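Trainee: Right, I'll just put the structure down here and ask away after.
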Amino acid sequence: MEFSPVAVQAFQVGTIALCSPGVSGVIAKIEARFQGRRGPRILQPYYDLIKLFGKESLAPSGSSAAFLLAPIVAFACYLTVPLLIPVLTTYGLPLGTMGDILGGSLILALAAFAVAVAAADTGAPYAQMGSSRTTTFSAITEPVMLFVIFTVGFLTGTDLPYKLAATVTSSASQVVRPSHLLAAAALFLVILTETSRIPVESHSGTNEFGMIEQARSLEHSGPYAALLVWGSAMKQMILYTILLNVFVAPWGLAASGKPLLVAVAIVTLVAKCCAVGFFVTVIDNSFAKLRLFKITEFVAAAFLLAVLAVLTIYLGGG
Amino acid sequence: MQVVAPSTVNGVASTIAVLVLLVEFGMLRAGLLRSQVRLYAAQSLIASLLAVFLGVVRHEPELLILAGLSIALKTVVVPLVVLRLVRQSGTATTGSGILKPAGAALVALAVAGFGFFAVGRSGLRVDGLSPTVLGSAVAIIAVAFVLMIIRNDVVSQAVGFFSLENGVSVASLVVAAGMPLILEVAFLFDLLVAVVVFGVLMRVHHEEQSTLSTAQLTDLRG
Amino acid sequence: MQLLILVMLGGLVGIACLLMPPRAARVATVASGVISLGLAVSLIADVTHGPLRFGFLRADSLSVVFVLTAAFLYASAAVYAIGYVNRSAPAGYQRRFLFGLNIFGWAMICAPLVDGLALLWVAIEVTTVVSALMVAVDRTRAAAEAAWKYLLIASAGLGIGLFATIIIYHAGTTVYGLSYDLTLNQMIAAGGRLDSHAARLAFVLAVLGYGTKVGLAPVHTWLPDAHTEAPTPISAMLSGSLLAVSFYAVLRYVQITQLSVGAGFVHTVLIVFGLLSLFIAAFSLLVQRDLKRLLAYSSIEHMGLLCLGVGFGAPIALTGVLLHILAHAAAKGNAFFCAGVIMHKYGTKDIGSIRGGLDKLPWTGPLLVASVLALSAFPPFGLFRSEFMIIAGGLARSSVMVVAALLVLITIAFVGLIRATTSTMFVPARPGTPAAALPRSEPSAWMVVPIVVGSLALVVLGIHPPDQVMALLGQAVTEFGER
């Protein structure tokens, strides 16, 4: 028996949607252990979501439809991206070619844009601050992503994430070439920024002045807040998946629709995401948060790596 | 356009060379003089590892001897000498530059890009190694110049020169790997002499100016 | 055998100076200088039958020209230093000074004698570090500043020189395979078979890298500072022989790469660097207020002239260049020695405060005027002959515009030099100024002797150069491959 490609594609979306709170839970647990706490249960994010879905939702007076629409738009975006990237399979799925790697990052940017608009719409100071900060920093992480994508283009001759995963697994010489490693490192730094991790933002802080991404959703409540929390868990897992299955470790993917292979692929993906989470937690606990004005330097480092990746491959063939 | 992958050996060599370049960028960023010297030690170590790697892959034991000598000199002796000077000076232990780190990184990036570009256009072709290694070497030399220009303290400037020499050694591994050991050792010995003299003059500078900064060196002009 | 003695003597004497009492060290230094000069002269006859080789050493006509230059200034600076170094200074300082002087002179004799471009780089780097130490030997604020700038800029330049060495090695791998010795014989014999891309890159890098030490604009910025702040015997050696020895390295690269790169490219690069240096130096000479700085810029002017001379690509111009190197060493050495005496006498280097030199200094005054006229290429001095040959070569082979620019620029340089000299020498000191109160006397006879010898050498080179010397230059030009 074999799943049809459409079914596998549904599994891709399902895996991201259903496993992402779990991955967040595992990371929170590891983090707590590092800090000498027992930490919440791994399933805690699911309970949180259930709780939030059961609550009533309020909107600030004077806010427009954009405020309530944004969580839904963002969530829809996060459901769309797994269609485009190799979450479970090594082969391209029917809808996989409807957008390339640039399209994927545009959809992610659309989600961020919707949330930022909603935050600006509230008129609340902290939400607006988060909105403006996020927009500022994404304006400088955006070029980094572009250079990473250029590198992918040079590496594979296409802009399809599937192709890069296939290229990386094709031989060891594709893994150790400097442009690939530099692009992966740059992407990792961007992911740290995008998932609000140290050294950019303290993940679990409650001080609004230090917040960047988290401040945006302060005004949302009830099911809308649940969608935003769930969405950011999905975003984290999507970014980890891109890093893992496209750049760093595209192994363990299903080569066909056999149920066993698909199941193995799901388990491997979750395990790999937890491993990345572990690594991120180590960084989280080893470095201090940067001052707001130093974040440009952090992003400049990512930019440096990405540009060097393009230089080495375009001018040096490496 | 798909750029065909170099061989694995090539890829590893290029990656190490690019790492050396990245450390050079780190030195540009490092504020503390101490950390700058440590980064230099790390850079020399990585550059020597490239020699070890190429020596093993190409079965050239001479390169291993060379790597051993350069580790002893450049990751142990030179950093110790300079660190001792920094400790004894006791004045300012942070350098200051005429550019902010992000600006410096952008300038250096442009210069490094020129390095890669120049190697590509120079028409130099080396059998068996991709131009990335040579490009990185030239980029290291170029960024070392940026480091020497934008920093105004004697330690950073001296470290800039030493790291320039690291760039040249990476280049020599690529284009002149067969150079007789005696010549390479002569180069290293010369570096040692230069280090001693740099140390003496840094000390003289510190005695005369009571600082490691070169911002006051404006008496002679015209 | 002479080669071996030449490349050992100065070094050993230098080390011995650290152990001897200052008086003995002075004698040893002078003896070593004079013996080196004698050995260098004896080499002239030996190399007429082709290059001498001895282990890592090699001497041909070209290198002997530079050895002569270096040894001549080594000997005169050694004599001059007897009068220059204050006898009441601490013995340690005197020993250090003589040690540095010997090692510096020795390193510059070694550089043209080592066989191979790699060793040449090593020798030139040694001259750099030793001379940087000697610039700082007086431990003043300005000296420390000048020494640091010099060391840093020259080392960075030599870093590029090292890169050039590695690239030229790579260029030779097409002929000799992956592993070879980079000796001069090999490289010269390889001729046009070098990889032309690599040779071209190596040539440009070498001109830029070694050019930093030659003092070619725009990488000359260390030169005026170092020449001004160094003790006078060292200034003379820096200007007369260190620049020349660095120029020797550039010449070797020209010799080796011109066949594979193409003479047109080589000549264009040299003409551009030469004209730029002449331009910067000529206009800087007009505004100088400091006597030694004035002479330093004059060195940049002359190095630019040498570059142009080689860039013209005519045998007569190249002969002129080699003669110019010899004559410039004597003239610039003299001028710096005179400047040292004047500083000693007046206690200042400021051109505005030095007045009535002809009156106060019976020997040095006229000799300074003579050296400056020599530097401005007036007959009957050697530089007149050499510049005449360079210009003749330029008119024969190169564009008239370049030669015209050269003539205009050296005229401007002449104006700057002569204005400063006339005001210091001919204008009498105003009554009441410190200069007017000075007695009419020479500070030390030791400081005058080398200047007199140098002036005689200049006159001989100008009126009738010895046949052996002209034969040596002719042979060097032939071996250089200039047709």
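Quick reminder: no glycine exception, Cβ is built from N, Cα and C everywhere.
Curation plays no part in TrEMBL annotations; they are all automatic predictions.
From TrEMBL, for reference:
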DOMAIN    C:117-410  domain 'NADH:quinone oxidoreductase/Mrp antiporter transmembrane'
TRANSMEM  C:62-85  transmembrane segment
TRANSMEM  C:97-114  transmembrane segment
TRANSMEM  C:120-138  transmembrane segment
TRANSMEM  C:150-172  transmembrane segment
TRANSMEM  C:201-223  transmembrane segment
TRANSMEM  C:235-253  transmembrane segment
TRANSMEM  C:265-286  transmembrane segment
TRANSMEM  C:306-327  transmembrane segment
TRANSMEM  C:363-383  transmembrane segment
TRANSMEM  C:395-418  transmembrane segment
TRANSMEM  C:444-463  transmembrane segment
Trainee: In the same chain, who gets a Cβ under 8 Å from the transmembrane segment (C:97-114) while lying at least 6 residues past its ends?
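Mentor: Beyond its ends, the transmembrane segment (C:97-114) has Cβ neighbours at 3, 6-7, 9-11, 13-15, 17-18, 22, 25-26, 29, 32-33, 36, 40, 56-59, 62-64, 66-67, 70-71, 73-74, 77-78, 81, 85, 120, 122-124, 126-127, 130-131, 133-134, 137, 231, 233-234, 237, 241-242, 245, 248-249.
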Trainee: Output the single range from C:150-172, C:235-253, C:395-418, C:444-463 maximising the number of Cβ pairs under 8 Å to the transmembrane segment (C:363-383).
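Mentor: When the Cβ pairs under 8 Å are tallied, C:444-463 comes out ahead.
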Trainee: Cβ under 8 Å to the transmembrane segment (C:265-286), counting only same-chain residues 6 or more beyond its ends: which ones?
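Mentor: For the transmembrane segment (C:265-286), the far contacts come to 200, 203-204, 207, 211, 215-218, 220, 224, 254, 257-258, 294, 297-298, 300-301, 303-313, 398, 402, 405-406, 409-410, 412-413, 415-417, 419.
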Trainee: Cβ under 8 Å, sequence separation of at least 6 from the ends of the transmembrane segment (C:395-418): give me the contacting residues as numbers and ranges.
Mentor: 267, 271, 275, 278-279, 281-288, 294, 297-298, 301, 305, 308, 311-314, 316-317, 372, 375-377, 387
Trainee: Hey, which bits of the same chain come close to the transmembrane segment (C:150-172), Cβ under 8 Å, at least six residues off its ends?
Mentor: 117-118, 121, 124-125, 128-129, 131-132, 135, 180, 182, 186-187, 190, 194-196, 198-199, 201-203, 205-206, 208-213, 219, 221-222, 225-226, 249, 253, 256-257, 260
